[in-house]
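Per TrEMBL, the features are as follows:
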type: ACT_SITE; residues: Glu120; note: active site, proton donor
type: ACT_SITE; residues: Asp261; note: active site
type: ACT_SITE; residues: Glu354; note: active site, proton donor
type: ACT_SITE; residues: Glu375; note: active site
type: BINDING; residues: Thr478; note: Ca(2+) binding site
type: COMPBIAS; residues: 524-546; note: compositional bias 'Basic and acidic residues'
type: REGION; residues: 522-559; note: region 'Disordered'
type: SIGNAL; residues: 1-28; note: signal peptide
Amino acid sequence: GGAMLRSLGSLLCLWALRLPLPPAGTVAAARGLDVASYRERVRAMFYHAYEHYLESAFPYDELRPLTCDGQDTWGSFSLTLIDALDTLLILGNVSEFQRVVTVLQEGVDFDIDVNASVFETNIRVVGGLLSAHLLSKKAGVEVEAGWPCSGPLLRMAEEAARKLLPAFQTPTGMPYGTVNLLHGVNPGETPVTCTAGIGTFIVEFATLSHLTGDPVFEDVARKALKALWKYRSDIGLVGNHIDVLTAKWVAQDAGIGAGVDSYFEYLVKGAILLQDEELMSMFLEYNKAIKNYTKFDDWYLWVQMYKGTVSMPVFQSLEAYWPGLQSLIGDIDNAMRTFLNYYTVWKQFGGLPEFYNIPQGYTVDKREGYPLRPELIESAMYLYRATRDPTLLELGRDAVESIEKISKVDCGFATIKDLRDHRLDNRMESFFLAETVKYLYLLFDPDNFIHNDGSVFDVVITPYGECVLNAGGYVFNTEAHPIDPAALHCCRKRKEEQWEVEDLMREFYSLKKTKKFTLKRASNHGEGESAKIPKDASSEKGGEKRNSKKSSHSLLSCPSQSFNSKLAVLGQVFLDNS
């Protein structure tokens with residue numbers, strides 16, 4: 001459970017909110033905040049941490065900044081490098097991006113005897129590799145012919161995701177929280193998983209399914225999402241931890257923070273990425289229950305999932321993603337009010353303590369730390385795109401000043417163990433480079449390619465036709481890895497069959513120089529592609545040589561044959577109704 005007590009955000013152009021806004025610079029200048037200088041300070045922050053990771057910690061997962069060495073935390077796959085990869089491109093560093101892609105291809109191995117968090121491996125490793133795969137052409141990497149439907153980073157992402165699939169083999173379809181990358185689920189593994197650890201897969205797994213043509217990933221992710229929906233309480237809430245074998249709720253606290261957070265986030269982002277109304281209506285139902293039972297004066301509390309009685313009047317720093325999520329569904333006023341509440345806590349401590357007691361207005365015992373989390377900055381970035389309110393830049397400024405002042409050490413940036421006396425911990429989480437620095441940079445960089453409004457884009461020729469990429473509307477996974485939603489439409493299912501058709505067509509075309517043909521899309525997710533041929537083709541010599549008409553008719557009209565075997569019939573290319 002502890003492994004999963006975290007979450008995050010996303011990105012999407014808020015089309016509904018594309019009001020004529022004043023240029024970013026002018027508003028900020030009025031309040032005397034130099035956006036360009038903060039952007040450069042964020043860049044310097046990234047390199048101070050990144051270079052020390054490479055120097056002192058690589059190939060371990062994370063840097064230990066107080067002792068200038070490294071440690072494996074979530075597995076053993078140079079996690080910080082995978083997590084920081086797309087941030088390099090957002091900062092414009094194509095040469096280092098290219099170098100790291102080569103290093104990862106040669107050095108990362110998932111065939112290891114390691115117990116890994118299913119949730120963390122998905123959002124950090126699978127998410128990081130998918131995002132880097134989809135950005136690699138933009139970063140000047142030489143991509144292979146089938147890209148974005150194939151490529152070394154995509155194969156790595158798929159390999160990592162396959163290692164997680166055994167966790168989903170449960171009676172409910174809800175996954176175990178931990179899996180051994182070599183042996184699958186350990187005998188005696190606890191069946192209790194937190195809600196976020198069940199509902200935070202659809203973004204990565206649907207992307208994998210659409211790119212590779214293998215539906216298994218999206219299928220298991222959807223099944224897990226729907227199981228949580230099925231087991232919600234009568235008043236429409238979900239708890240914190242559930243037994244994935246019996247579907248009994250073990251921790252019955254309902255709220256928007258740790259243990260639940262990214263489930264709600266992925267309903268919204270999955271809905272946007274896949275244009276899926278069912279996921280959005282699930283979220284909107286939850287949203288009503290959350291407002292009804294947990295919201296008080298623009299704060300959100302924890303309540304008992306069956307009765308709705310308050311169990312903890314606590315604000316957790318992880319909940320600070322919520323205003324950003326509200327902005328994605330266009331609920332700007334509520335988002336802003338809650339954001340301003342959270343910002344007052346930041347100003348009180350120079351960071352967000354893990355837990356904050358709302359009635360007492362102070363930290364909670366043993367939860368006074370700030371591990372340089374991104375959530376409040378993430379929400380500021382979204383809300384700034386929507387409103388251009390300069391207050392949001394001020395939070396960015398405060399974050400840069402605070403992190404530099406309290407957390408910067410010779411070897412990087414250290415987790416703040418206690419915001420009251422500024423004691424530090426010997427840890428720099430990989431999300432600092434994946435998320436915190438990225439969202440800060442994007443807040444201060446209005447012209448970043450990530451903020452593209454669709455006015456420029458790339459056209460890629462794939463074996464499945466033309467494909468538009470990098471037009472914007474990126475959806476961030478909960479580790480801030482941007483996924484280009486257009487890429488999901490680049491790769492037709494059943495790729496092998498597509499290539500087979502193309503080869504046959506080439507052969508066919510060389511026989512019939514006079515006739516033209518085109519490839520026709522099969523109806524929605526049908527059996528691959530079919531080929532359109534001129535009506536009188538069979539009367540030409542090329543067709544006659546191979547078969548008599550009688551046999552061709554009886555064989556080809558047989559509805560029970562698979563597409564592949566139909567294709568194989570005497571090398572004939574046909575229409576289903578031919």
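Yeah, the Cβs are placed from backbone N, Cα and C, and that goes for glycine too.
Automatic prediction, not curation, is the source of TrEMBL annotations.
Among the listed active-site residues, namely Glu120, Asp261, Glu354, Glu375, the Cβ with the most fellow Cβ atoms inside 10 Å is that of Asp261. With respect to their backbone Cα atoms, Glu375 (active site) and Glu354 (active site, proton donor) stand 11 Å from each other.
Taking the Cα atom of each, Glu120 (active site, proton donor) and Glu354 (active site, proton donor) are about 19 angstrom apart. For Thr478 (Ca(2+) binding site), the number of other Cβ atoms no farther than 10 Å from its own Cβ, over all displayed protein chains, is 29. Across the fold, the C-alpha of Glu354 (active site, proton donor) and the C-alpha of Asp261 (active site) stand 14 Å from each other. On the backbone, the CA of Asp261 (active site) and the CA of Thr478 (Ca(2+) binding site) stand 10 Å apart.
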